[in-house]
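Swiss-Prot has this to say about the protein:
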BINDING   Ser17, Ala18, Ser19, Ser148, Ser149, Gly150, Gly151  FMN binding site
Amino acid sequence: MKKLLYISVNTKPEGMSASKTVGREFVDRFVQNYPEYQLIEHDICNEYIPELDHRFLNDNGDIVSGNDYNLLSDNDKKIVDRINDLCNEFVSADVYVIAYPMWSSLFPPRLKMYIDCIVQNGKTIKISEDESSGLLSDKERSVLCIQSSGGVYPKIISWKINHGINYLHDIFRHLGIKKFEKLLVEGVDVQDIGKEKAVEKAFDEIDELIDKMQVRDFVKQ
């Protein structure tokens, strides 16, 4: 069974959050169209996401394992287990949906903490002395980032404002995921638009995006 991993990043409950509202609508429609997908969800602002610490890293900067792991305290072992569980779950997925609000031209810090957990040498990326390369090109995968924002940013300046979208595009491409889509829920705080209209406009784009996000049964040889 294929897996759809849905990551929402907002302290607000779903009914108050534009990004979560659009994210829910997307994943519900996606699973209706493709029932062979198992939906896995994380509301990471309301779950425990570890912050990386030197105690959990070996001399190469990798998550500890083997004897280094055995030397950890019981509590630190649980933290490392959680980090590895999040990473392994990410590797096992096929389609990723990340819904978040724009904060200071980026995204809430909890999302960066999550990304730090899933970017691991030997699992999602291969790091050598000369280069680093992604390991997630082993099968077709796709990512959709749903970003809500109070304002509306014309394309001519969007690249200067949407640093969060740009960062996520770059980091996932570096991991080997080449199919990347975005859904901007803009104008939530603009008087002539507002949350309701911004969400409705985003809803109108969902069906087309679902077709783009579906992945084939292709495994890299």
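FYI, residue positions are counted from 1 along the chain as it appears here.
A Cβ is built for glycine as well, from the same backbone N, Cα and C atoms used for every other residue.
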_Name the residue among the binding-site residues Gly150, Gly151 whose Cβ has the smallest number of other Cβ atoms within 10 Å._
Gly151
*Provide the number of Cβ atoms within 10 Å of the Cβ of Ser19 (FMN binding site), excluding the reference atom itself.*
28
_Let's check the environment of Ser149 (FMN binding site): how many other CB atoms sit within 10 Å of its CB?_
23
_Max CA-CA distance, Å, over listed FMN-binding residues Ser17, Ala18, Ser19, Ser148, Ser149, Gly150, Gly151_ = 15
*Determine, from DSSP, whether Ser149 (FMN binding site) sits in helix, strand or coil.*
coil
*Residues near Ser17 (FMN binding site) in space but at least six apart in sequence (CB under 8 A)*: Ser8, Asn10, Pro101, Ser148
